[in-house]
Amino acid sequence: MLCHSRPFSVFPCSSQLLTGSGRKIRIPFTLAKSLVIIFMEGAEGIELQITDDAEANSRNDASSIDNKTQPPKLTHYKWWLRVTCYILFLLSGQSAATLLGRVYYDKGGNSKWMATFVQSAGFPILLPLLLFFPSSINSNTATNPISASFANKPEAPRLSTLTFLYVGFGALLTGDNLMYSYGLLYLPVSTYSLLCATQLAFNALFSFFLNSQKLSPFVLNSITLLTASASLLAVNADSENPAGISRRKYVIGFLCTLGASATYSLYLSLVQLSFEKVIRKETFSAVLKMQIYPSFVATCGCVVGLFASTEWESLEDEMRGYKEGKVSYLMTLIWTAITWQISSVGLLGLIFEVSSLFSNVISTLALPLVPILAVVFLHDKMNGVKVMAMLLAIWGFLSYIYQHYLDDAKSKTVLTSENEVTGAQ
């Protein structure tokens, strides 16, 4: 009898097998044939697996060689271009929105709820981005500390949990924007912007308690300098006399601006905590939703406040009495909403490309710029105390930036050493 196949010459042509004692055991030929087929399939599977592993290893080796030989400048120039565009969006949008908010009050606007409304009402501009960018994974997972911390935790949170987060953040933004509106109404733009710089100090404190970030000497120096800057502005209250603003209203604006800076810093720390503990992913769509849905809730809250305060009844008279006319009134409000959303696009882009901490630092970079722009375009007064406060704020900002640079360099060093250890294994 001839064999149909002889893989590795394991089975003889007969249907007899030898035991360890030399005894012959007769088995049916069909069973022997089945065993041969099973063994052949197993051998082919093992050979296929070995081939796949070899191909995968060769691809990994080739990709690692390509990464080593490719110049870093050619690899990252597009990333730097995107980051630069986002920084320009953030700085220009935030500066223009702040100046337009002051123009609204200077030209005859008086509705705090309307000024609050336009800070969040432009969120529909972001909806096309949500449709254009689906739930794509952040390409910067390796360098983004938030993304790296939950890259292996894909489980989605419950809808009720997300709804609670969005509603809570929206309510927090409503109160925060309202306090900013009071501060911008009762304070000169230069004073308002310098007080907003205290956001960095509050952010460091909340990050220490909520996000487990250390208070290094440079961060403590930044907190001290920003506190001194705010104290100088508080002492300067007697020398400042904005048109039609009493000392009581000045104090209200001062406290509201400080409260708004603290609230926004708390908001940023809670958002970062939510991404780490609840959402567990940082895709561009997730970041967009964190901007769009709370803004929608905040806009609804502003509409409720506008009607509850009966300010809506005076909006028509306010439009008629606006110094530059109805068209200028509407364009001021519309462009204020648009510029706030341009700022939001830059903020979201920096969160997606770099980190939420970096985006917060860049957003505060506009604060020393706004007083200079206010002096040029709105003719704000800039006395010696304000100049000293601005210099202290810039010093505190640079100290904070330097600490961020040290943290970033340290994280890159750790990441490089981990990659080297992984490659050696």
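Cβ coordinates are placed from backbone N, Cα and C, and glycine is handled just like the others.
TrEMBL does not curate its annotations; it predicts them automatically.
The feature transmembrane segment is assigned by TrEMBL to 79-101 (among others). Same-chain residues lying 6 or more positions outside the transmembrane segment (79-101) and placing a CB less than 8 Å from one of its CB atoms are 115, 119, 140, 181, 184, 189, 192-193, 332, 335-336, 339-347, 349-350, 353-354, 359, 362-363, 365-366, 369-370, 373-374, 377-378.
Per TrEMBL, the feature transmembrane segment maps to 113-136 (among others).
What TrEMBL lists as transmembrane segment is 156-173 (among others).
As annotated by TrEMBL, transmembrane segment applies to 185-206 (among others).
The transmembrane segment annotation in TrEMBL covers 218-238 (among others). Nonlocal intrachain contacts for the transmembrane segment (218-238), taken as residues 6+ away from its ends with a CB within less than 8 angstroms of a stretch CB, comprise 191, 194-195, 197-198, 200-201, 204-205, 247, 250-251, 254, 258, 383, 385-386, 388-390, 392-393, 395-397, 399-400, 402-403, 406.
The transmembrane segment feature in TrEMBL is assigned to 250-270 (among others).
What TrEMBL lists as transmembrane segment is 290-308 (among others).
TrEMBL lists 329-351 (among others) with the feature transmembrane segment.
Summarising the annotation, TrEMBL assigns transmembrane segment to 357-378 (among others).
Long-range neighbours of the transmembrane segment (385-402) within the same chain, counting only residues 6 or more positions beyond its ends whose Cβ lies under 8 Å from a Cβ of the stretch, are 190-191, 194, 197, 200-201, 204, 218-219, 221-226, 228-230, 232-233, 235-236, 239, 361, 364-365, 367-368, 371. The transmembrane segment annotation in TrEMBL covers 385-402 (among others).
Only pairs six or more apart in sequence are counted, and the transmembrane segment (357-378) with the transmembrane segment (185-206) gives three or more Cβ pairs under 8 Å, enough to call it a contact. When each of the listed stretches 250-270, 290-308, 329-351 is scored by C-beta pairs under 8 angstroms to the transmembrane segment (156-173), 290-308 comes out highest. Contact check: the transmembrane segment (290-308) against the transmembrane segment (113-136) gives at least three Cβ pairs closer than 8 Å, residues 6 or more apart, which meets the contact criterion. Per-stretch counts of Cβ pairs under 8 Å to the transmembrane segment (113-136) identify 329-351 as the leading one among 185-206, 250-270, 329-351.
Within the same chain, residues 82-83, 85-94, 96-97, 100-101, 103-104, 107-109, 114, 118-123, 125-126, 129, 282, 284, 287-288, 291, 295, 318-319, 322, 358-359, 362-363 sit at least 6 positions outside the transmembrane segment (329-351) and bring their C-beta atoms closer than 8 Å to a C-beta of that stretch. For the transmembrane segment (250-270), the residues of the chain that approach it from at least six positions outside its boundaries are 169, 172-173, 175-177, 179-180, 182-187, 191-192, 195-196, 198-199, 202-203, 205-207, 210-211, 230, 233-234, 237, 240, 242, 356, 360, judged by C-beta separation under 8 angstroms.
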